[in-house]
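Student: Straight from TrEMBL, here's the annotation block:
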type	residues	note
BINDING	A:Ala43, A:Gly44, A:Ala45, A:Gly46, A:Ser47, A:Gly48, A:Lys49, A:Thr50	ATP binding site
DOMAIN	A:22-306	domain 'UvrD-like helicase ATP-binding'
DOMAIN	A:307-582	domain 'UvrD-like helicase C-terminal'
Amino acid sequence: MARDYTLHRKPTGPASGIDYRAELNDEQFGAVTSSPGRALVIAGAGSGKTRTLTYRVAYLLDQGIDARHILLLTFTNKAAREMTERVRSLVPHDVSALWSGTFHSIGNRILRRHAEELGFTKSFSILDTDDQKSLLASVVGSMAIDTKVRRFPKADVLVSMFSLERNTGEALKDILAVRYPYFDSWQREIHEVRDAYARRKQETNSMDFDDLLLKTLELFRDHPDILALYQQRFRHLLVDEYQDTNSVQSELIDLLAAGGSSVMAVGDDAQSIYSWRGADMGNILSFPKRHDGCRVFKIETNYRSVPEILELSNAAIRANRSRFEKDLRSSREVLGVKPALVPLEDPSAQAQFVAQRILELRDEGVPLEEMAVLYRAHFQSLEIQMELTSRGIPFAITSGLRFFEQAHIKDVAAFLRLVTNRRDEMSFKRILQLMPGIGNKGAEKLWSEWRKSGAATAEEAPDWPAALALKGVPKKAAKMWEQLGYILAEMTPGGSFARPGDMIYSVLEGMYDDHLKASYDNYENRRSDIEQLMAYASQFEDILEFLSQLSLLGGADGEPGGKREEQDTEKITLSSIHQAKGLEWKAVFLVWLADGAFPNGRIIEADDEAMMEEERRLFYVALTRAKDELYLSYPLINPKSYSGEVIQRPSRFLDDFPKEMVEEWNVSPRWGDSWEVDEPF
DNA sequence: TTATCCGCTACGAAG
DNA sequence: TAGCGGATAA
């Protein structure tokens, strides 16, 4: 017989004194102050979703809930950071015990604590897409598959196949049949590659991004005692962007909630744009069914956009068949200016138009911070970047290549990964291939020597220079090889780990700086990137935490360091629509609205209704980012298309709303001068 | 086996 | 235009 006993912890702080009634509208108030239990909040674009969630956290704290009982899950690091900050500024409570983060980062946190139960050590490495590709290439290479006779899927295709399988829970066989019929004849081999890949990850003590979710789920399923631990701890679960959860994420929540915790899931079906990584709108639709006594709150007042923009958005999304009927009402006054529809001759004219209009808006008093250029895919920002640069307009771009995915950053990180996880095959080989005379094959050989030597799996820290006495080191590499021993020894003084920042210093000065000078023409840039990384690293005491952050933080919102002076200067934002989700600006330029660019050509070809509807939701997300002014533009000709000069059709999404909702601008060039914009009135 | 050069192709979104 | 795979030189 167990006895229930309650531990009364001292309250984490005084009441916040927030007047919830006054600071929230009725719809928000209802959700924020709802009693514990299960709740689904359907919150339209711009309706104060973040506000609702952060006030909910504040409300829970005010009710005397211990911060450590709250788990706040988001999809992006930026959202996590923003919410934590807003909560911090809202309440006087100490919230350091509150867990908030992306699903992946929370998974990582849990897995580090219990890695042993799954046959890993807590210093497991995290493989990014790049590492996954190399590992898969190595797996395929070792399997004697004759890729010459018939085309075998390339590593990046394999990555998406396996990822889709794991994130949707569908069988690989079915995924192949439906999405990759042309590889169906390789079915047996693909399954073998998948299994060998899983074994290699285990052997090398590494997890990929999908593992961070799936292994957490596995941990909970196979270890009821551990699950119970977290069920007890997290009495209040809050999930942002619930419509974008995939089967693994939704199951994780359901499992955690099964112990009787409260759950508040917030989302908007019209903004579900991640099905390509397994997101399933069905999760939000069936949420009330899966959770007993679930209450549904709808928040439909839009505070963001003027009626002209909101009506256009509503009309655009209405073209989708599968959606909840929902009409957002704008709380704002009619502005009297319609969104602009701007056809332009070609991409460079489009870039010039955007740049010129940005300057005009700034003269009218709109700060650069309040403007954004959005596009479907990163490469579509190229001309605009060049134009802004040449006109001296400062911009911040959420770049396609993340900071930590650049080769030189990954090279340096490989050293740190290797000292924390000596079974890290990818890092070991990566370091070796920096040396002259060692390529793919050489690295492979030395890796197996290294494994044979036993140092890879030894319990205690190796004497590095001695441990590296391996057979088969080419003469050309001998000098650097010796140097490597010293560097690794320096990184692990007395068998413990040096500080992350010092480790990077050792790598840079001990060896990598020479490599940079020898291999790249932009040595200075790369060196300063690494110095930036060093500065960022010195905020960390714990090497494992630093490496986790490096893998989990996108350069998009977490560019390490970020030059301080630059942060003060006013900048306009360039961003993909996916990354713009949840953000807002006074003026938004949505560019490249041409069929084939947006909607994306592959989706047009696929001729799949569901995919097209998701694309349209993406369009909707873009439109609803704008508060006051919206410019929809497209180039008529694409001269840089690889099939030569191509005349483009305007995006089919532009047909989804009546022409009267926009004002068409005729832009004509004036030569020898800047472009002139003829406004109809 | 590695390093380099050259022609050909494809150009999606994120943790 | 970069990023590759294949061919060739070292």
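Using the three backbone atoms N, Cα and C, a Cβ is placed for every residue, glycine included.
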Student: Including all protein chains displayed, how many Cβ atoms other than that of A:Lys49 (ATP binding site) lie within 10 Å of its Cβ?
Tutor: 23
Student: Let me spell it out: for each of the binding-site residues (A:Ser47, A:Thr50), count the other Cβ atoms within 10 Å of that residue's Cβ, using every protein chain shown. Which one has the most?
Tutor: A:Ser47
Student: Relative to the Cβ of A:Ala43 (ATP binding site), which residues of the same chain, six or more apart in sequence, are found under 8 Å away?
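Tutor: Correct list: A:Lys49, A:Thr52, A:Val266, A:Gly267, A:Asp268, A:Lys298, A:Ile299.
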Student: Looking only at A:Gly46, A:Gly48, the binding-site residues on record, which one has the least crowded Cβ, with the fewest other Cβ atoms within 10 Å?
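Tutor: Output over binding-site residues A:Gly46, A:Gly48: least Cβ neighbours within 10 Å is A:Gly48.
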Student: Would you identify the secondary structure of A:Ala43 (ATP binding site) according to DSSP, in three states?
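Tutor: Going by the DSSP assignment, A:Ala43 (ATP binding site) falls within a strand, counted as strand.
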Student: May I have the list of same-chain residues other than A:Ala43, A:Gly44, A:Ala45, A:Gly46, A:Ser47, A:Gly48, A:Lys49, A:Thr50 whose Cβ is within 8 Å of the Cβ centroid of the recorded ATP site, in sequence order?
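Tutor: Leaving out the recorded residues gives A:Arg51, A:Thr52, A:Asp268, A:Ile299, A:Asn302, A:Tyr303, A:Arg304.
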